[in-house]
Amino acid sequence: MKLNKYIDHTLLKQDAKKKQIDSLLSEAREYGFASVCVNPTWVEHAKKGLEGTDVKVCTVVGFPLGATTSAVKAFETKEAIQNGADEIDMVINVGALKSGNLALVESDIRAVVEASGDKLVKVIIEACLLTDQEKIVVCQLAQKAGADFVKTSTGFSTGGATIADVTLMRETVGSDMGVKAAGGARSYADALAFVEAGATRIGTSAGVAILKGELADGDY
């Protein structure tokens, strides 16, 4: 198994410096990860830094709270793609889901899907804040809205990916969508366990350590 191609090599910290982003890009080139995941302000820089490789540029929309309007999320998506993004990780409107406003949750996702054109859209459900039933419902809504992936977590809330959540999400969406586990893999064994549970991507800042068989510091 080429585990490197499961990994979105991630740096989303608000205080990330250019030299840290450059290090992320260098590691991505060396290890051939699926993508780098960076904040929108770094997308153009990342695209240039990955020219000549097959590493994709992933960015985040409505991040990390998901509480911006659908129009803002759509604008963020379009601008990110103009700047070179290949993949969009968007955060759902968690408050709307919790309030039972499922129509808003679905239309919010659909707004990003439509703005993305042919680019990949991953829907962050922030599983740590949801009941199992809410996880099932929002995965179904993401599927209905035409998204490509469901993703467990932002890494900025109360918890990251769990095996139980990845298993439930995979059971819900079947084989039609990708499932991304984010914020829970700190070792090769962790990453492998998520893949075996049904994850097709792993979002982590510890990609290099994982591939080296080391235990990473940090929680994303």
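Placement of Cβ uses the backbone N, Cα and C atoms for every residue, glycine included.
Per Swiss-Prot, the features are as follows:
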ACT_SITE  Asp89  active site, proton donor/acceptor
ACT_SITE  Lys151  active site, schiff-base intermediate with acetaldehyde
ACT_SITE  Lys180  active site, proton donor/acceptor
Lys180 (active site, proton donor/acceptor) versus Asp89 (active site, proton donor/acceptor) - Cα distance in angstrom: 10
Asp89 (active site, proton donor/acceptor) CB neighbourhood, other CB atoms within 10 A: 29
Integer Å distance between the CA atoms belonging to Lys180 (active site, proton donor/acceptor) and Lys151 (active site, schiff-base intermediate with acetaldehyde): 4
Under 8 Å by Cβ from Lys180 (active site, proton donor/acceptor), counting only residues of that chain that are 6 or more apart: Asp8, Asp89, Lys122, Phe149, Val150, Lys151, Thr152, Ala199, Thr200, Arg201, Ile202, Gly203
